[in-house]
Amino acid sequence: MTTTLNMVKTGKYANDKIIGVRHVQCILCFFCLSLAYAWRVNLSVALVAMSGPSNATEANATLDSSEEAAEFDLFSFTESEKSYMLSSFFWGYIVTQVPGGYIAQRYGAKMLLMVGLVACAILTLLTPLSLKLGGWQALCVVRVLEGLTQGAVHPATHSLLSKWAPANERGMLATICYSGAQFGTIMMLATSGFIADSFAGWPGIFYFGGICGFVWVLLWWIFAASTPEEHKRITREELKFIEETRSVGKMQDARKMAPTPWGSIFTSMPFLSLLVVHCTHMWGFWTLLTQIPSYMKNIYSIDIKSSSLLSSLPYTVMMILSFFFVWLSKVLQNNKSISTSFNRKFFNSVGHWIPMLSLIGLGYVPQENSVLAVVLLTLTVGISAATYLGFQVNHIDLSPNYAGTLMGITNAAANVMSGLAPLAVGQIVKHPENVSEWRTVFFVAAFFYFIGNLLFVVFGRTDIQKWDTPDMVDEESIEAGLPLAGDKTRQPIPIANGKP
């Protein structure tokens, strides 16, 4: 173990393939997240098209409605009914977060993700029929079920990463996976208008997305595996590389895993700081995504939702910057004096405190300078991508064996916050044209960004916690000459020539 650690640090031990099987798993997860988020936002763009013939163009401002387009059922929804339909997905989504993480760590992420996306693809195909037969109430039921099927996506992805990602590649591989969320959103916003104005009409938005889901499931079934040990095509060299570099402690056999240490988890300061920063991040981020369109329309007379270009611009910049931050992280890693802990906290600070400042600045941009407002908005959302290398991968740092469960806990709590944020805005903003009320909203979000990251910087850790695998971690840490989590009396043993 110590020899491997030294070889990784000196760069003498590495897989000779540029694209290994572990990268294929992450590319598949990228498209998994793409589909999940495309299905999540498809209703918001389809509502524009299904509400009337003239609104199909509004889903994509670059396309004129075709006079030869087929006629499809159109609906008239109240704002209250729309809000129920759009929020119903999250009613189910929150419920399956923790169970999804538990199932992934016990029985593997491959089958869980495959079953979840097959079910969600079927439900997506059934969406137009449910609306026709049962109205908006039936559609709400379908959306709740879709949320239930997608609740395990993030926890299962984290569980998969904990098995496949070498420690020094963890941030990069996690970014590849989770940047799929932006790609899926961009593709849905960019193509929905074209699909709605085609022969398929607005139902085509759901049919096309559902079919893509079945294509992904086929590829996932052929090329994916829950662990490197289970993959039939992985080389012996890559398998050995992953096994000996993914963590200090050993991975538990899923069939013989110890019971989840709930008490230790919820009394762990590193985990509690991770929980808080995930919640505060989602408050700020969803304040941006859900309320900024209203702010821009009422203060600057810019209707972001009417333009697919403006709607997708923040997500596009976020995806581009996510890979820039990966490159910057690799540069920092080449500096041997910079620790993983510094790396995580640096990028988390970039992804929280810069948006904190730009949010405050956005509230003071003059009304006649709408271009600056759009630039600030885009950068605020885009720079949030730095958190992929910060708290969003910290679950695996703390506990590779229970990473899926940890993500399930924090993501469930964080999505409650993302639901509360718009409600709080509704209580603060009584007059949408009053910029002072919006400034209060931005200051509240900025406060959450500040306090969440501050707690992460102070209490966050990147070493494996003792409750992950108590006996195994102690043995391996002693062998590797590394201090135990929470052990302040024991210093690292100097290592030379592969021996302590």
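Even glycines carry a Cβ here, placed using N, Cα and C.
Annotated transmembrane segment per TrEMBL: 21-39, 111-129, 173-196, 202-223, 265-289, 309-328, 349-365, 371-391, 403-429, 441-459, in sequence order. The annotation domain 'Major facilitator superfamily (MFS) profile' is assigned in TrEMBL to 44-464.
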Residues from the same chain, set at least six apart from the ends of the transmembrane segment (21-39), whose C-beta lies under 8 A from its own: 113, 117, 120-121, 124, 146, 150, 153, 157, 160-161, 164-166, 169, 173, 176-185, 187-188, 209, 212-213, 216, 219-220, 223-225, 228, 231, 233-235, 238, 242
Cβ contacts under 8 Å made by the transmembrane segment (173-196) with residues that lie 6+ beyond its boundaries: 22-23, 26-27, 29-38, 41-42, 45-46, 48-49, 56-63, 157, 161, 164-165, 202, 204-205, 208-209, 308, 311-312, 315-316, 318-319, 322-323, 325-326, 385, 388-389, 392-393, 396
Overall pLDDT of the domain 'Major facilitator superfamily (MFS) profile' (44-464), taken as the mean: 87
